[in-house]
Each structure stands twice: as C-alpha cells, then as structure tokens.
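J.: Can you read through this structure? Questions will come right after.
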Amino acid sequence: MKTSEELRLAPDSLPSDLVPAPVLQASPADKNTDSEPVPPPCGGDDQLQVATDAVASSVVSQELQQGDSAPLEVEFNISSELSPRIEEQEVPENASLPVEETNRPELESGEAMEGVSEEPAAVDEGDIFWSYSFSQVPQYLSGSWSEFSTRSENFLKGCKWAPDGSCILTNSADNVLRIYNLPPELYSESEQVDYAEMVPVLRMVEGDTIYDYCWYSLMSSTQPDTSYVASSSRENPIHIWDAFTGELRASFRAYNHLDELTAAHSLCFSPDGSQLFCGFNRTVRVFSTSRPGRDCEVRTTFAKKQGQSGIISCLAFSPAQPLYACGSYGRTLGLYAWDDGSPLALLGGHQGGITHLCFHPDGNLFFSGARKDAELLCWDLRQPGHLLWSLSREVTTNQRIYFDLDPSGQFLVSGNTSGVVSVWDISGAFSDCKQLEPVMTFLPQDDCTNGVSLHPTLPLLATASGQRMFPEPTNSGDEGEPELDLPLLSLRHAHPECQLQLWWCGGGPDPSNPDEDQDEKGQGRTEAVGMS
C-alpha cells in the first residue's frame with residue numbers, strides 16, 4: 001500500500017482538536033524511498049524473596065549509581081558492509097547484513113543508544129510532538145479482524161510498532177508475521193472519516209510455531225537496508241525478513257552439543273544493531289549481524305550449579321548502561337555485562353516463568369512480567385535486589401501477556417487474560433515497595449488482550465487479542481431427554497474475538513457512544529471498567 005506524499009493532515013480529522021503532528025516516515029512496505037517523508041496522522045507482598053550474588057551485587061551497585069556517577073563509555077565497532085539477499089540453504093562466509101556507519105561518536109551512559117546519522121534532519125519549528133493522555137477512555141480508530149478469522153483456532157500473539165513508527169508487526173497462531181501500515185484515513189482532510197478495516201501489506205510465513213520476533217533496533221523506512229524483522233520458530237533457524245518485500249534475507253543457525261539445529265526462544269538486537277542476542281536453555285548466543293551463518297559467541301548462564309537456570313525466554317537492553325537483562329522460565333532475572341556477558345546480579349520474586357521485560361527510558365528501572373503470575377514487578381538497578389513496587393494484573397494462563405512503556409516513561413500499559421487493559425502512571429518518586437493502582441482501565445473486547453504497543457511518536461495504542469480455546473466436555477442428557485447432536489468435546493460456549501485494534505490516546509473529545517455494543521466488525525464498543 002503506497003502513501004501519497006501530497007497528502008496533508010487536517011486537524012478536523014483528528015479524534016481530538018489538536019494540531020497536526022511532526023513528519024512521519026513512510027512505511028517499509030511502501031517501497032518508495034525516493035519520496036519526501038509522508039506527513040504524520042492527525043489524528044505485593046511485604047518482602048518478596050530475592051536471591052542475589054553478593055559479589056555481583058556490589059559490582060553492579062558501583063557501576064549503576066545515581067545520575068551523578070561517571071558516565072560509562074561504549075565504543076561501537078560496526079561494519080558498514082551491505083549484503084545481498086541470502087537464501088536460507090546457502091549463506092556465504094563473506095555475506096553481511098547492513099548496519100550503521102563506522103564513523104559514529106562514542107556514547108556515554110546518559111545517551112540513548114540509537115542510530116546517529118552524519119547530517120541529522122532539521123526540525124521544523126512548527127512541528128508539535130504528541131504526548132499520551134489517559135484522562136479518558138481511548139477512542140477506537142481502526143483494526144483488523146477478517147485476517148484472523150480464516151481458521152477457527154487462530155488468534156493473535158502480540159503486536160509491535162516499528163522503531164520509526166511507520167508500521168506495525170503482528171504474530172499469530174497460524175505462524176504468519178503480518179505488517180500493517182498506518183490507516184490511510186488518518187491522512188484525510190475530511191471532517192467525518194469512516195475508517196475501513198486494516199489490511200496487511202506483507203505476510204511472512206514461518207514453518208512452525210513462532211517463539212519470538214522483533215524489529216531491527218535501528219530500523220528506518222527511509223533506509224531500506226535497515227528495514228528487516230527477525231523471527232525464531234520451532235525446529236528452524238533464526239530468519240531475517242525484508243520488511244519491504246517480505247523475502248528471506250538471511251539466516252542464523254544455532255547447534256547443540258549433538259550438532260543438531262536448535263531454535264531460539266527469545267530474540268533481541270543490540271541497541272547499536274551490530275549483534276543479535278538469542279536465548280536458549282541456560283545459554284545466550286550472540287550473532288554478529290554482519291556475518292549470517294552458524295558462527296556465534298556462546299554465553300552460558302548456568303554452570304557448576306550456579307547462575308540462571310531454565311530457558312532464557314526474554315531479553316532486553318538498558319537504554320543507558322552497557323548491560324542487558326535476561327528472564328527465564330526458571331522464574332529468575334539476570335543482569336549481564338554487554339561486552340562479555342559477565343553476570344552482575346540474579347533476582348527472584350516471580351511465581352511463574354518470566355515472559356516479558358522492559359527497561360524504563362532513564363535506564364534505572366526495569367519491569368518484568370511472568371505467566372500465571374498476577375503481578376508486574378519494578379526493579380531499581382541502583383539497588384540490585386530491591387523491589388520498588390508491584391502492579392496487579394490478571395494472568396491465569398501460560399500465554400505471554402505483553403506490556404509497554406510510553407516514550408516519556410510516564411505510563412505503563414498492560415493487557416490481561418480477561419481482556420482488560422490497565423494503565424499505570426509510574427512518574428514520581430516511590431521509595432517503598434508497595435502496590436501501585438492503575439489510573440484507568442478499559443475493555444477493548446471480551447477476549448484476552450495479549451499484546452499492547454505504544455507508538456513512539458504519536459498517541460496511538462495498538463492492542464492484540466485472542467487466546468487458545470480448549471474444548472469443554474459436553475454433558476449427556478438424562479434418560480428420556482433428546483440428546484443434542486454435539487461432539488463429546490465442544491467449543492459452543494467459546495466466543496473468540498481475535499483482532500488488532502488501534503486506539504487514539506491524545507486526550508481529545510469523549511468518544512461517542514462509549515457503551516454501544518460492538519458490531520460484527522469489532523469496532524465501536526469501549527467499556528470503561530474504572531478510572532481515577
């Protein structure tokens with residue numbers, strides 16, 4: 001789907017009465033890299049059990065002090081060599097994936113580790129940067145539902161905005177990754193806009209269950225050589241997909257001690273884009289993005305009955321310090337040095353296996369969530385092992401339930417098993433471990449909300465819903481009563497609502513008819529469960 005460069009935003013088409021946002025990049029799927037940038041759319045416990053390494057804790061305490069500590073310098077040695085598209089069967093030794101230029105200045109601990117161009121684009125004085133507001137229930141804009149109704153047992157497994165905000169990526173039970181552009185109606189100058197159903201512009205099919213997926217950390221739609229997606233699926237290599245064409249660009253292979261191909265359970269690109277970190281059983285493997293294939297660095301997390309055991313199920317990098325966090329299905333969190341993987345601290349406190357991690361933009365706090373665990377936990381890196389506070393959410397299954405932070409670090413948003421989306425205001429100082437209550441909750445649909453993603457530049461919240469439905473045994477009728485023509489196992493009480501939805505969170509006028517029942521397309525109904 002191509003977006004015209006001639007379109008301009010009209011304040012009247014916004015869900016709010018605010019003025020237009022700054023310029024937004026074109027979607028990777030648009031393939032028109034010579035065009036001018038497209039304008040943006042208008043529109044609980046007293047004390048949890050914590051296990052820490054005394055020596056490691058002291059080390060990380062010295063390195064991760066308050067903001068007055070000496071900055072840590074990190075030098076990135078990145079290859080600028082670009083690669084052709086590489087077939088999965090044959091990967092030349094000299095093949096490489098594109099990364100940023102080598103003449104990049106050193107970054108200090110207080111700087112965000114993002115791509116730095118030689119000539120930064122000028123910022124128009126008239127540009128306005130949006131901020132999120134949850135003083136009222138978000139307004140529904142558009143969504144996609146027909147795409148996930150072709151199979152009776154299909155459901156979404158999360159959604160992730162691209163780093164530049166040009167498009168959104170989804171995962172689903174049919175083993176297909178889909179990329180959607182922003183709705184074209186957001187560029188309309190009409191006062192009354194009827195949003196059509198969103199249609200994916202790309203579909204990338206994996207061979208089996210997708211374990212994890214992620215965007216390239218320096219992805220920019222203006223640079224096609226940075227627009228790609230990584231995915232890992234059962235009994236398959238790690239695949240790199242072209243976000244412009246949907247073609248396979250490269251593969252990374254990991255092998256166990258029997259020289260058998262093994263699949264990664266979690267993926268995360270380093271902030272500078274030079275490395276791909278992958279989680280395995282008691283191991284993190286680090287691949288160089290400039291050299292696809294099987295060559296990698298193996299970092300063991302558990303040795304001699306010490307360390308972090310279990311499958312490394314999620315990974316996240318600190319935006320301000322040279323370290324990364326690993327969550328495992330063994331219910332532990334580990335902090336490791338970026339350069340050599342040396343352990344810094346080991347934390348515990350969750351009741352189930354860790355499924356998602358997220359660092360605060362300031363780099364001092366990070367959040368963790370687990371399966372079959374009713375709490376999100378917040379940790380302070382300046383005091384390793386100290387739990388800052390907890391946030392309650394309903395997670396009663398083994399499904400991965402995502403949460404996300406807005407770019408300013410003020411709001412944290414999470415779904416839950418019953419479908420309710422909760423929003424917490426985490427700004428301010430919290431010195432004691434306590435329960436933090438949400439400032440607002442709302443119900444997008446009557447099914448599990450497993451994915452939430454906050455747009456990096458616009459007040460747009462994306463939600464993904466659905467869960468696996470297990471059949472229930474049917475009761476045989478009493479003697480003399482007619483028996484229903486139903487199988488012994490039935491899904492007649494299940495009403496799945498599998499859909500991707502976009503919500504405007506810019507603090508505009510109240511949405512019309514908030515209590516109106518949802519129609520067959522899945523749009524219109526938003527139920528406020530509670531607000532403060």
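Glycine too: its Cβ is placed from the backbone N, Cα and C atoms.
According to Swiss-Prot, the protein has these features:
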REGION    1-48  region 'Disordered'
MOD_RES   S27  phosphoserine
MOD_RES   S61  phosphoserine
REGION    83-115  region 'Disordered'
MOD_RES   S83  phosphoserine
REPEAT    151-190  repeat 'WD 1'
REPEAT    206-251  repeat 'WD 2'
REPEAT    256-297  repeat 'WD 3'
REPEAT    307-348  repeat 'WD 4'
REPEAT    349-389  repeat 'WD 5'
REPEAT    395-434  repeat 'WD 6'
MOD_RES   T474  phosphothreonine
MOD_RES   S476  phosphoserine
REGION    505-532  region 'Disordered'
J.: Could you count the residues of the repeat 'WD 3' (256-297) that DSSP puts in helix, in strand and in coil?
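T.: Tallied per class, the repeat 'WD 3' (256-297) gives 0 helix, 21 strand, 21 coil.
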J.: DSSP helix, strand and coil counts for the repeat 'WD 2' (206-251)?
T.: 3 helix, 21 strand, 22 coil
J.: Please give the sequence-distant neighbours of the repeat 'WD 6' (395-434): residues at least 6 beyond its ends with Cβ less than 8 Å from one of its Cβ atoms.
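T.: Residues 45-48, 131-132, 134, 157-158, 352-353, 355-356, 358, 360-362, 365, 367, 369-374, 376, 378, 386-389, 440-454, 456-457, 461, 463, 465, 467-468, 529.
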J.: Could you give the number of helix, strand and coil residues in the repeat 'WD 4' (307-348) as assigned by DSSP?
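T.: Tallied per class, the repeat 'WD 4' (307-348) gives 0 helix, 26 strand, 16 coil.
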J.: Calculate the per-residue pLDDT averaged over the repeat 'WD 6' (395-434) and state the result as an integer.
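T.: Here the mean pLDDT over the repeat 'WD 6' (395-434) amounts to 89.
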J.: So how many of the residues in the repeat 'WD 5' (349-389) end up helix, strand or coil by DSSP?
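T.: Final tally across the stretch: 0 helix, 21 strand, 20 coil.
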